[in-house]
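J.: Pasting a structure here, questions to come.
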């Protein structure tokens, strides 16, 4: 059976319409039942749905298509299940708070990030009889993509589990950030893991272009799918990821020492937190003993501890104290 041609040869319209419909159903359920705890589940499960749909519609079960689709479905199942479990247990979830409040941004994220697999499974790439290509599985890009995905998946899932375990303790140290396991090497290991996963998926999906023979339009589509990992990286570094965590967390520790309700026993909390920032990489997991002595300029540039993440005691501190009065 040949691939199903639906709306366009790259399944872009199909996946967009399915995403809109699926998210509308999720929002309708949440609005009708006044139950917002499924929003993040519908986001994660949407990736699973698109991976399965394009694989079945493409009907070309090449090894690369199967492996890529399975990896995305495994990632989507874990993230959807974990977010649902966490929000049911803890009552709130901040990972997608900003983006989920804007319907079009939320579904745009899902559609864009899914592009490498959507295009790989489409007739334009996988239907050999009409100009598609399927190089033998096992190219250097296949191997590199899988390795990146596996490392990223382990970092993301272990980081999430460690953070949940820390937060679920009955007595959480008030003046101490999460600094156990991967969190001792990175302030945001799940974000780094997620970024690695999607760079891995894009590289894994690319061999029909780099090792096969595709028309120029199809090659452009596969290269253009780099928007997926780039968007993921930019979102987590400049949007709903690190920026929503760094300054609010710093503000919390600053107020413990300097706020209007500060207690004497917490006088050193802010000093200790600043020491934690100096020795802990913001994104890429790096041993503290190696990271701490690095020049600030290197941390601010190559290691992404950008000035926009920094809590300024003179300006941000004064505003925080005033707001807490």
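FYI, residue positions are counted from 1 along the chain as it appears here.
Just so it is clear, glycine is given a Cβ too, placed from its N, Cα and C backbone atoms.
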J.: Any idea which of 155-176, 221-242, 243-264, 265-286 is down as transmembrane segment in TrEMBL?
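T.: So the range that TrEMBL calls transmembrane segment is 221-242.
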J.: Can you check which of 134-152, 191-209 TrEMBL lists as transmembrane segment?
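T.: My reading of TrEMBL: the transmembrane segment range is 191-209.
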